[in-house]
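For reference, the structure is listed below as structure tokens.
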Ligand SMILES: Nc1ncnc2c1ncn2[C@@H]1O[C@H](COP(=O)(O)OP(=O)(O)OP(=O)(O)O)[C@@H](O)[C@H]1O
């Protein structure tokens, strides 16, 4: 017999139809239940049991559920695995539903859509990391990216054409990227989102339409025009509007706290593309860990907001020397005031987070502890502000001190009303302090007195019944009741005028009395009355905070700024770093530079001191491009990267690990380090490296800094050498940028004679009893040999292989000197080497590969043409 769905199932299916792309958490009592495919997907993702409940169209309905009280942990897992979750609550009392008839279903509605970019709960967020929501829009070839951190209200937009989107996403690191329908199936954009760690979501055209977007924005911020916030372009407005629309769609009726948008420009920050960020391990190591990355090595902040700001600053170093100097002044001031710094940091350490509680308050998702955090965070912040203000600090800190002090009255207002340690939930009672409200105090007194009276009643009843062990207990089902052991039950049953039987348990009997029932209703009434007053005052306090939301958010920003400056000062002092000169122009002069991460690692492992090295790329009399040779393990990569990291730190406003440094602002930073396969995108090691190298040759300009480590090693020797050769020439002649170039191709050192701004350096090593000793010193000149065989021996290659390699090497070298005739017999015995004869001399311009390379104009090529050219190059070089 085919029956239609049950009324409840009909309701479920109706709601689910509106949320096809999300898992539906359907509230049933104390559980969120999932059905059908949702249940199967969630059970697998959460590793929980998949069960059945009833039938639909003749088949069992798969079901699983998570308890409401612990659902956040499950949500967390689902969101991390890329799901979106629609939370569907019961929006009426079941008693109301019953009034409509026995079969009627409790009304339910989706009150919120939980997505990776719209999280606000502490349980779902990393304290020290942001999880912004971004949207990208394109209008007539122009692009705009907007991003919002809903957990703090920070909102910004910047221009980002398609070609710049990767860098913009890498800088803002969104968790979720909203796209218009035109980009819904755009594999390239989706790949960029994935690479940046974001889940892509598609919105309809109405969300992105810039007229509607502008109306939404002006309404949100209560202004007639957006011009007061910045000169936003159409695509930026469209993207911001889409973000707002998505927040409206996902957050239900609540009005989020969103701060007026900031307009950022690509030029204001050093451009660092995703590959460079990865290679330099700015915030994560190549393996994805935080430990070992620059961020972790320089993080001395003591507040979550400070940690998040530090990450933002390292992700977007400034390009305006004056702005850098303002940050440096703050660091220098706090460095020179160790006592003040210690007191400030102590105050900050005690300051709970305020930005996220504020956001939760606005979304009506806050509990009493969020108000407690605001009270304490604002008070500690105001203390820190007062300490600072009294010390006559430089402009940036004076401004922070002012902002920290602004909500002091609000902090006092909260302090005067909130209980010392507020409970988890409002309904637990005890949010509001004693003495704040007469009605509340009276209700509490009644409730507490009632409890006292119960203690008295227990003694009376024990005496009347003659049962010393008689107890008055309380549970959620029966309320207050009298309990005696089963053996004593008859003594109470014998007094029916006093005791009424309620329940017989295995070992106990339960009773009630008129007096107890009366008392209970008075206690309950008093507790309800107290809760009603607490709820009202909580609402008033919430309104008071939200009325000053701007000032509270400004204070949270200021706290983070002070924390970052004090952290940098602490770091500089502990690690003996210096304030670099950051200026216009193309200077790059580092004296005694060190690698911040390697130095700390050496220290931690007790492996001796890090050897400092200079680096001068200032041009003029000095070189602009440096070619570095030296054996494996000699420290080439370390030197290359340390100079790039010094530029990042300097422009982020920090001190740098060096004795002295002068940096002409770097507008774009590029780094390629022996590339890895990108199997996900179907590219080989060599292909990845060439794509990345092409990006550099096409984009680097005179203000850029380029760091290239062993370009061309992923292919046959001649091809690799030719590509490295041509790349170096192009950087020198065409890009005219500052560059560091490490290579194993010693042949390249010959170029120094022809390229006037190229200098050659080598990593010093000493040979001792046939072993190589690394001195880790960068010296002028070229390496005499590569010591590869010795290093292989150090690595534990079997002695027979090392000995054989020595033989082959000797023969090859002899052959090279003697013109290559005699040892060919030996080499021909070794199939491995048959294909790669040693170079007879530096491959001069006669190489067809080189000629072909020179003739290329990468700017004018499509990716397809570039790939074809690459194949042509390879076969030319193979001739
Ligand atoms: N300046 C230095 N002072 C002390 N130790 C150093 C220094 N530079 C590098 N090292 C040590 O040497 C190790 C190897 O350095 P690095 O990886 O830079 O060598 P490399 O020349 O790039 O090697 P390869 O060519 O194999 O990639 C580092 O991990 C570090 O422990």
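Positions of Cβ are set from backbone N, Cα and C atoms, glycine also.
Just so you know, TrEMBL annotations never went through curation; they're auto-generated.
Per TrEMBL, these features apply:
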BINDING   630, 631, 632, 633, 634, 635, 636, 637  ATP binding site
DOMAIN    704-720  domain 'DNA mismatch repair proteins mutS family'
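All protein chains included, residue 636 (ATP binding site) registers 23 other Cβ atoms within 10 Å of its own Cβ. A Cβ within 8 Å of the Cβ centre of 630, 631, 632, 633, 634, 635, 636, 637, the residues given for ATP, is found for these other residues of the same chain: 763, 774.
A mean pLDDT of 82 is what the model gives for the domain 'DNA mismatch repair proteins mutS family' (704-720). For the domain 'DNA mismatch repair proteins mutS family' (704-720), the DSSP-based tally of helix, strand and coil residues reads 4 helix, 5 strand, 8 coil. In the three-state DSSP scheme, residue 633 (ATP binding site) is classed as coil.
Shown are the binding-site residues 630, 631, 635; of these, the residue with the fewest other Cβ atoms within 10 Å is 631. Cβ packing within 10 Å was compared across the binding-site residues 633, 634, and the lowest neighbour count falls to 633.
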